[in-house]
Amino acid sequence: MAEKRNIFLVGPMGAGKSTIGRHLAQMLHLEFHDSDQEIESRTGADIAWVFDVEGEEGFRRREAQVIADLTEKQGIVLATGGGSVQSKDIRNYLSARGIVVYLETTIDKQVARTQRDKRRPLLQVDDPRSVLETLAESRNPLYEEIADVIVKTDDQSAKVVANQIIEQLGF
């Protein structure tokens, strides 16, 4: 697996993709990118605004373009948005252009980690747990489909998880 130079992190909201990705990039001396942050940078607006104005479909179009662009780079760690795997094109980019690491977490951990985060448009509802359960049903099989490595993130620090990823990848 070490012949692929890019590492792409996939997984649900609250799995720790951005935090773990930063640690991983630093430890491996790679460039770190976050697809959501890149969308915000390109649009000059936050994700919630993009959802409000363009809807989820507009956001997903932007996300696909950003991930297509970023996965063409070499020597990066990319934290993807939780829903990015819904796109067959994105799954293909990720699988073909790097090592895909699925950061797995429980619904309980997701709720705990995201409950105060107002930047997550899909969770601004009365019952976010129900939304997370529904998303898990449809997305978890897609994460598993493209994963080269699966790492559980519950009850571990980001640094510990980053070290586990490095060990599993043989870097």
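Here, residue 1 is simply the first one shown, and the rest follow in order.
Placement of Cβ uses the backbone N, Cα and C atoms for every residue, glycine included.
Same-chain residues at least 6 positions away in sequence with a Cβ under 8 Å from that of T19 (ATP binding site) are, in sequence order, A158. Under the three-state DSSP scheme, T19 (ATP binding site) falls in the helix class. Residues or ranges marked as ATP binding site by Swiss-Prot on the basis of sequence analysis: G14, A15, G16, K17, S18, T19, R120, Q156.
Positions annotated as Mg(2+) binding site by Swiss-Prot, on the basis of sequence analysis: S18.
What Swiss-Prot lists as substrate binding site is D36, R60, G82, R139. Of all the Cβ atoms in the protein chains shown, 17 others lie within 10 Å of the Cβ of R60 (substrate binding site).
Between the binding-site residues K17, R139, K17 has the most other Cβ atoms inside 10 Å of its own Cβ, all protein chains included. In this entry, substrate is bound by D36, R60, G82, R139, whose most widely separated C-alpha atoms sit 18 angstrom apart. A helical conformation is recorded for R139 (substrate binding site) in the three-state DSSP classification. Here Q156 (ATP binding site) is compared against the binding-site residues D36, R60, G82, R139, and the shortest C-alpha distance is to G82.
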